[in-house]
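Colleague: Here you go, one structure.
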Amino acid sequence: MSNRQAEIAAALDVVPPFADDAALVAEIERRKTFIKNTLKQSGLKVLVLGISGGVDSTTAGRLAQLSVEELRAETGDTDYRFIAVRLPHNTQHDEHDAQDSLKFVNADEEATVNIAASVIGLSEQVSHLQQLSDARRDFVIGNVKARIRMVAQFTIANANNGLVIGTDHAAEAVMGFFTKFGDGACDLAPLSGLVKHQVRAIAAHLGAPQHLVQKTPTADLEELRPGKPDEEAHGVTYAEIDAFLHGQNVSDEAYATIVRTYDATRHKRELPLVP
């Protein structure tokens, strides 16, 4: 492990590889305890999370549901509950996966907010967008989608006196692969510190459908490239990112890409600058 790898892994509080199944189970329990303690300490009773159909939201959603079920059993307070939210932009091309995820998560309550009208309405009011190339405009509007989804989730949470869960984990955090004040905004991030294959391992252990566990990750924000794989955007694979974060050898090219991207996206992981 290079000094830079160690520095980045420490900054992201990366969880070491699971030594065995017992370590995996212990990590699941630790994260459920974190969710339960966060709720109890907040004095609130409701969790809210957008479900996309990917492995990250599937895993975080199931952990959230299990946590509120345990809280109800432990406290006798039936007000603890989890709201899973679908946030499509018009019709999602992999809606079947989102529905499979919802079925697996088995949330106490489900809600749907189609963000298309809000995204279009805002985009039409911002004249600066019309000056951009098609590709640049598509990228900017992709970030608008992520931020509108954040607004919707926090609106639901506010209406129910709840907290918003985020799905960020170490393999995305190191690449800054989230929208600032969009999907990066949340009250608690129960997958933090995990690398991608650890998220998959937790999902599999919890019983998630295999096609969701192994699904190709995509942010799916761009109209010109629907379903664009994360790894294509990264320029490296999740296997390489995971190996880097766990201090293992990666190619010189992968190492340089990860370090360069980490440095370039530092602003996403920090609080706003002040004088």
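Even glycines carry a Cβ here, placed using N, Cα and C.
Checked Swiss-Prot, it gives:
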BINDING   Gly50, Ile51, Ser52, Gly53, Gly54, Val55, Asp56, Ser57, Thr167, Lys196, Thr218  ATP binding site
BINDING   Asp56, Glu172  Mg(2+) binding site
BINDING   Arg147, Lys180, Asp187, His267, Lys268  deamido-NAD(+) binding site
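Give me the local environment of each listed feature.
Modeller: Within 10 Å of the C-beta of Ser52 (ATP binding site) we count 24 further C-beta atoms, all protein chains included. In this structure, Ser52 (ATP binding site) belongs to neither helix nor strand by DSSP; it is coil.
Residue environment of Lys268 (deamido-NAD(+) binding site) contains 15 other Cβ atoms, counted within 10 Å of its Cβ in all protein chains. In the three-state DSSP assignment, the secondary structure recorded for Lys268 (deamido-NAD(+) binding site) is helix.
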Colleague: Would you mind reading off the Cα separation of Thr167 (ATP binding site) from Asp187 (deamido-NAD(+) binding site), to the nearest angstrom?
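Modeller: On Cα coordinates alone, these residues lie 11 Å apart.
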Colleague: Select one residue from Thr167, Thr218: among these binding-site residues, choose the one with the most other Cβ atoms within 10 Å of its Cβ.
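Modeller: Selected residue: Thr167.
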Colleague: Could you tally the C-beta atoms, other than its own, that fall within 10 angstroms of the C-beta of Glu172 (Mg(2+) binding site)?
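Modeller: Excluding its own Cβ, the number within 10 Å is 25.
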